[in-house]
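Student: Structure below; questions to follow.
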Amino acid sequence: MVDLARRCSGSTEGRFLMWECTKWCGPGNNAKCESDLGPLEADKCCRTHDHCDYIASGETKYGITNYAFFTKLNCKCEEAFDRCLTEAYNKEEKESAKSSTKRLQNFYFGTYSPECYVVTCNSKRSGRDAGCENGVATWKKSYKD
């Protein structure tokens, strides 16, 4: 819970970088509580994405160190986020909301293009389940790799 609070608190300087019409899409969040969402369907995707397994900048986890300036997430989370944004786009009725969602998706996966990691268990199962206590991770250029 401490990690979640640290990750979601964000700095006040980063608050102006929040994606339009959202409370969870950007550095940290500006929601009053877990159920506080902006009007875009994509905000639900961002909230879920914010709670994903991650390796913070400078942190070592699963045998790898994140030397990048930004937090990196598990590739499963990145794939789920991309899929969720596509579904959010399809649910939106207003053209402006569709456009904002598509721009968010294009920015995140096109411009920002985050690297991610895959956790593997010694038994070769994909990590983060109850039976994988000592998972080992490897970096990927994208969840699509």
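Yeah, the Cβs are placed from backbone N, Cα and C, and that goes for glycine too.
According to Swiss-Prot, the active site annotation covers His49, on the basis of sequence analysis. The feature Ca(2+) binding site is assigned by Swiss-Prot to Trp24, Gly26, Gly28, Asp50. The disulfide bond annotation in Swiss-Prot covers Cys25-Cys46, Cys45-Cys84, Cys52-Cys77, Cys75-Cys116 and rests on similarity to another entry. The signal peptide annotation in Swiss-Prot covers 1-15 and rests on experimental evidence.
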Student: In Å, rounded, how far does the Cα of Cys25 (disulfide bond) sit from the Cα of Asp50 (Ca(2+) binding site)?
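Tutor: Cα of Cys25 (disulfide bond) to Cα of Asp50 (Ca(2+) binding site) measures 8 Å after rounding.
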Student: Could you give the Cα-Cα distance between Cys46 (disulfide bond) and Trp24 (Ca(2+) binding site), in whole Å?
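Tutor: Distance (Cα to Cα, whole Å): 5 Å.
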Student: Are there residues of the same chain, six or more positions away from Cys84 (disulfide bond), whose CB falls under 8 angstroms from its CB, and which are they?
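Tutor: Sequence-distant Cβ neighbours: Ala42, Lys44, Cys45, Thr48, His49.
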Student: For the disulfide-bonded residues Cys52, Cys75, which one has the sparsest Cβ surroundings, going by other Cβ atoms within 10 Å?
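Tutor: Comparing Cβ neighbour counts within 10 Å for the disulfide-bonded residues Cys52, Cys75 gives Cys52.
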Student: Need this for a regression test: recorded positions Trp24, Gly26, Gly28, Asp50, Cys52, Cys77, filtered to those with Cα within 10 Å of Cys116 (disulfide bond). What's left?
Tutor: Cys77
Student: Restricting to the same chain and to sequence separations of six or more, state which residues have a Cβ under 8 Å from that of Cys77 (disulfide bond).
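Tutor: In sequence order, His49, Cys52, Asp53, Tyr54, Cys116 meet the Cβ cut-off.
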